[in-house]
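Structure record follows, encoded as structure tokens.
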Amino acid sequence: MPPSTLVALAIAALCVVMGFRSGVAELEGDFYEDSCPNASAIVRRVLEQAQQRDVRIGAKLIRLHFHDCFVQGCDGSILLVNAEGIASEQDARPNVNSTAGFEVVDDMKAALENACPGVVSCADILAIASQVAVSLAGGPSWEVELGRRDSRTANRDEANTAIPSPVDSLANMTSKFAAVGLDSTDLVALSGAHTFGRARCTTFSHRLYNFSGTGGPDPTLDSAFLETLRQICPQSGDGNTITNLDPSSPDSFDNNYFTNLRNNRGLLQTDQELFSGAVADTVSAVNRFAGSQSEFFDAFAKSMVKMGGIRPLTGSSGEIRANCKRVN
Ligand code: HEM
Ligand SMILES: *[C@@H]1O[C@H](CO)[C@@H](O)[C@H](O)[C@H]1NC(C)=O
Ligand SMILES: *[C@@H]1O[C@H](CO)[C@@H](O)[C@H](O)[C@H]1NC(C)=O
Ligand SMILES: *[C@@H]1O[C@H](CO)[C@@H](O)[C@H](O)[C@H]1NC(C)=O
Ligand SMILES: *[C@@H]1O[C@H](CO)[C@@H](O)[C@H](O)[C@H]1NC(C)=O
């Protein structure tokens, strides 16, 4: 074999290896251009209608996409309900009595099946809905990469271990993000999704009374904010009471989340740790995003595309579910 052929073969082999390594490359912005050109408009219409009944719906939907992608990739696995061979992820600790918006996903799926039967995956619905939710709330827009297929399996155990918990240390969060190929800038940018939506007292009340067995509150919590939160979440009150993740602008997608962190007004322990955890790169990212909304928006859009590219099923893997709750 002449040397030039060997070189060509080596390059071809390298391309194949690299192609297999990057899941993102297999998704495309115009994936439904021919098969369902109106897919995004349909998702948007259903979301706009749902938002008239529930201002929080956009926040619920982007969180579903996050919890989907962190567990066996962005494959719609979180949407599967308990069935023969399926231990629903909805019963995992991070999701139970917490994740919501499933009925709106079903409405989107029904509208899409009506327009283009058997074409648009449930995993892609979550990716499109996340982008629409953010832009409807005043945040950035981005081109959503599409072409994911739906899993035939769910993994409740992985949902219990892979999704960050609100009592994780910064090191725990960083390692959970690293496990899905996301770095500390992605961690800070994506945490900015806590600029809208709500959290239950049970997810942060440990900060208010006896933090880590100290007998006092979390020292990184602003004292006026502490008093407000103690009123919302009394010590033996209902842990399911909800409050705004971003008290300064609860329903808009802006960079106030980061300003809050600088003012010791992060709601979750895991929010405040990004700024108070003394890890230089997360602190500097918080400062950068607090100082420039457009830097936050650019970073958020990039990180959403990255998160949306976690281990998708493509080609002939998986299936296009007819009903997001069940395998075909
Ligand atoms: C960094 C680690 C993260 C932790 C520990 C975390 C934890 C939480 C917790 C505990 C809640 C409240 C749940 C409840 O009250 O039941 C929540 C809500 C929320 N999270 Fe996160 N989260 C993280 C990252 C993210 C990311 C990456 C996104 C999206 C890109 C996201 C989007 C949301 C949204 C929008 C809500 C409000 C949902 C609603 O109103 O129903 N979170 N998160
Ligand atoms: C696309 O969907 C939107 C929202 O449902 C609708 O208003 C519009 O007429 C649709 N366009 C086409 C070409 O079907
Ligand atoms: C689930 O949340 C609702 C309120 O949103 C509450 O009434 C109910 O008791 C909760 N269930 C559990 C098991 O915490
Ligand atoms: C968090 O990290 C600590 C120390 O690295 C480890 O022992 C612990 O198991 C981790 N916890 C979670 C929930 O990942
Ligand atoms: C706080 O928690 C620690 C450890 O769980 C406990 O020993 C202590 O008595 C508690 N303090 C108060 C004031 O409740």
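Keep in mind that glycine also has a Cβ here, set from the backbone N, Cα and C atoms.
The annotation signal peptide is assigned in TrEMBL to 1-25. Look at TrEMBL and you will find 26-328 tagged as domain 'Plant heme peroxidase family profile'. Taken from TrEMBL, the feature disulfide bond covers C36-C116, C69-C74, C122-C324, C201-C233. Annotated site 'Transition state stabilizer' per TrEMBL: R63, in sequence order. Summarising the annotation, TrEMBL assigns active site, proton acceptor to H67. Annotated Ca(2+) 1 binding site per TrEMBL: D68, V71, G73, D75, S77, E89, in sequence order. Summarising the annotation, TrEMBL assigns substrate binding site to P164. Here TrEMBL flags H194 as heme b binding site. The feature Ca(2+) 2 binding site is assigned by TrEMBL to T195, D246, D254.
Structural mapping of features recorded in TrEMBL.
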| residue | record | Cβ within 10 Å |
| --- | --- | --- |
| H67 | active site, proton acceptor | 23 |
| D68 | Ca(2+) 1 binding site | 29 |
| C69 | disulfide bond | 30 |
| V71 | Ca(2+) 1 binding site | 29 |
| D75 | Ca(2+) 1 binding site | 29 |
| S77 | Ca(2+) 1 binding site | 28 |
| C116 | disulfide bond | 16 |
| C233 | disulfide bond | 22 |
| D246 | Ca(2+) 2 binding site | 26 |
| D254 | Ca(2+) 2 binding site | 19 |
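Distances between the Cα of C36 (disulfide bond) and those of the recorded positions H67, D68, D246, D254 are shortest for D68.
The Cβ of the residue listed as 'heme b binding site' lies under 8 Å from the Cβ of L245, D246, Y257, L267, L268, D271, each of which sits 6+ residues away along the same chain.
Annotation note: C201 (disulfide bond) sits in a helical segment as assigned by DSSP. If you check the recorded positions H67, C69, D75, S77 against C324 (disulfide bond), the ones with a Cα inside 10 Å of its Cα are S77.
Neighbours of the Ca(2+) 2 site: apart from T195, D246, D254, residues of the same chain with C-beta atoms within 8 angstroms of the site's C-beta centroid are G192, H194, F196, S248, S249, P250, S252, F253, N255, N256, Y257. Here the C-alpha separation of the residue listed as 'substrate binding site' and V71 (Ca(2+) 1 binding site) works out to 11 Å. The two recorded residues, T195 (Ca(2+) 2 binding site) and C116 (disulfide bond), show a Cα separation of 34 Å.
Between the CA atoms of D75 (Ca(2+) 1 binding site) and R63 (site 'Transition state stabilizer') there is a gap of 14 Å. Proximity of the recorded positions (H67, V71, G73, C324) to ligand 1: a Cβ under 6 Å from the molecule is found for none of them.
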